[in-house]
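**Student:** Below are the features listed in Swiss-Prot for this protein:
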- 1-19: signal peptide (SIGNAL)
- 21-145: domain 'Plastocyanin-like 1' (DOMAIN)
- H82, H420: Cu cation 1 binding site (BINDING)
- H84, H127, H472: Cu cation 2 binding site (BINDING)
- C103-C509: disulfide bond (DISULFID)
- N108: N-linked glycosylation site (CARBOHYD)
- H129, H422, H470: Cu cation 3 binding site (BINDING)
- C135-C229: disulfide bond (DISULFID)
- 157-305: domain 'Plastocyanin-like 2' (DOMAIN)
- N239: N-linked glycosylation site (CARBOHYD)
- N299: N-linked glycosylation site (CARBOHYD)
- 375-488: domain 'Plastocyanin-like 3' (DOMAIN)
- H417, C471, H476: Cu cation 4 binding site (BINDING)
- N492: N-linked glycosylation site (CARBOHYD)
Amino acid sequence: MRLSNALVLVAACISSVVAKTRTFDFDLVNTRLAPDGFERDTVVINGEFPGTLIQVNKGDSVRIPLHNKLTSPTMRRSVSIHWHGFFQARTSGQDGPSFVNQCPQPPNTTFTYEFSVAEQSGTFWYHSHLSTQYCDGLRGAFIVYDPRDPLRHLYDVDDESTVITLAEWYHILAPDATNEFFSSGIIPVQDSGLINGKGRFNGGPLTPFAVVNVRRGKRYRLRVIAISCRPFFTFSVDNHSLVFMEADGVEHDPVEVQNVDIYAAQRVSVILHANQPIDNYWIRAPMTGGNPDRNPNLNISLTLAILRYHGARHVEPTTVNVPGHKLLDQEMHPIRQEGPGKLGDGPPDKHITLNIAQPNAPFFDINGISYISPTVPVLLQILSGAKRPEDVLPSEQIFFVPKNSLIEVNIPGEGAHPFHLHGHNFDVVLASNDDTFNFKNPPRRDVYPINGGNTTFRFFTDNPGAWFLHCHIDWHLEAGLAIVFAEAPEDNVSGPQSQITPQDWLDLCPEYNAIEPEFQ
């Protein structure tokens, strides 16, 4: 264990933890990696995939100098990073989406992200939010420990060894894949699936699978993160039950299951009791999304890792998967019912219906309009005085919502789209493919899939800012499947919730606009 991580975990065991500012230096570089045995150029943090693991405690602030050292002319050289799941109260400019919250950061510059995790804790992640850049490798885990976790009695071990990332991997570079997608209308198909940055593809070398080490009798909190651009994963461990306890940074009532579906950008914590005979067991995360007929390299069942008991031989498992109970939305109930969502079966203050269509494939429309990024970030336009949709350019997919209001969003079913709301969690009061509203104790998340049935969620506008709502299949976002909420515009400019705007954030747009297109 690295010393810095050990100090974080020791602090997490002390009830009187003092909030600290923790600094993580990020060098963003192009390097050649072969996570599945096929070597290719990448865009990665500190030369590794997944990127550097961030571990902090509840109440901490983070300071992350991002040194953009990208040089490859075959991939995007500017960048922005989204810190997925954090509310960013008063720091909407640090949220990361290009042209919503900031201009991209040019190459050969340093920009420092600074924000507080405040009262949030749980499992988060970070990734590029410029075009489809994170599909080239810029993605990593971000964990916030709670020294007073009300479910702490359920597990013994919760450290860097129990963080599990699920990803797909492409042998083609993201800009080339995007161009092919736009010209053919066919979404790119991944070559392999990775667990903790390791995997295999059909006909490729037998690269070692990742190993999660356990000791018999201990209970492990596995923090499982889908850092994928497209597919979802069905996570299970052979011969072991799992106790679900967290979704997207929100702790829920414990539920015993055998497997969990985890969509792009979703996170779950599950407790694994190492109570089986000392041996090796397959950790499985087969992918849904991506047709092997379109890419012979792909074997969706090769998304594997090894659970290895202390004392077991260092060999691959021979265990067999036995299907069992899958976690259901109807079983997910937050342990706390206070904000940011406001529950109740009364009418919302504002109702919004988002109708998805694809009349001009591969591009998507919402209510007849495809999202196109503005040239000036939405947040900057709000801070410059925009108070109505007609004040923003382009204005078509900007939804202005007043402060302290209950917003209800209804999305009629149209394909499998994991929608992510920035700046908030939301309460899923009508789950996809369900016909019963739950206003008492619905799941609370920041990513939820629209799976062919009407989905309705509610959130409360207590956090002024510019907040993206978009499909987290990155190819779909690039094809226009998004809107932006401009929340409480006047409160962004002045008052106790006004935005903090550091000088280096204000400098981003002039710096970006001054560089040649090839460096953008």
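Quick reminder: no glycine exception, Cβ is built from N, Cα and C everywhere.
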**Student:** Identify which of the binding-site residues H127, H129, H417 has its Cβ surrounded by the largest number of other Cβ atoms within 10 Å, counting every protein chain shown.
**Tutor:** H129
**Student:** Report, as a single number, how many Cβ atoms besides its own are within 10 Å of the Cβ of N239 (N-linked glycosylation site).
**Tutor:** 17
**Student:** Rank the binding-site residues H84, H422 by how many other Cβ atoms lie within 10 Å of each Cβ and give me the one with the fewest.
**Tutor:** H84
**Student:** Just checking: which of H82, C103, H127, H129, C135, N239 have a Cα that is within 10 Å of the Cα of C471 (Cu cation 4 binding site), counting only these recorded positions?
**Tutor:** none
**Student:** Could you pull the average pLDDT for the domain 'Plastocyanin-like 3' (375-488)?
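**Tutor:** Mean pLDDT for the domain 'Plastocyanin-like 3' (375-488): 95.
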**Student:** By a simple count of other Cβ atoms within 10 Å, which of C103, C135, C229, C471, C509, the recorded positions in the record, is least packed?
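**Tutor:** Taking C103, C135, C229, C471, C509 as the recorded positions, the minimal 10 Å Cβ count falls on C509.
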**Student:** May I have the list of same-chain residues other than H417, C471, H476 whose Cβ is within 8 Å of the Cβ centroid of the recorded Cu cation 4 site, in sequence order?
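**Tutor:** For the Cu cation 4 site the neighbour list reads I356, F364, G415, P418, F419, I450, H470, H472, I473, L477, L481.
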**Student:** For H127 (Cu cation 2 binding site), which of these recorded positions sit within 10 Å, Cα to Cα: H82, C103, C135, H417, H420, H470?
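**Tutor:** The recorded positions passing the 10 Å Cα test are H82, C135.
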**Student:** Using the recorded Cu cation 2 site (H84, H127, H472) as reference, state which further residues of the same chain have their Cβ within 8 Å of the centre of those residues' Cβ atoms, listed in sequence order.
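**Tutor:** Apart from H84, H127, H472, the close residues are H82, W125, Y126, H129, Y134, R139, I227, A264, A265, H420.
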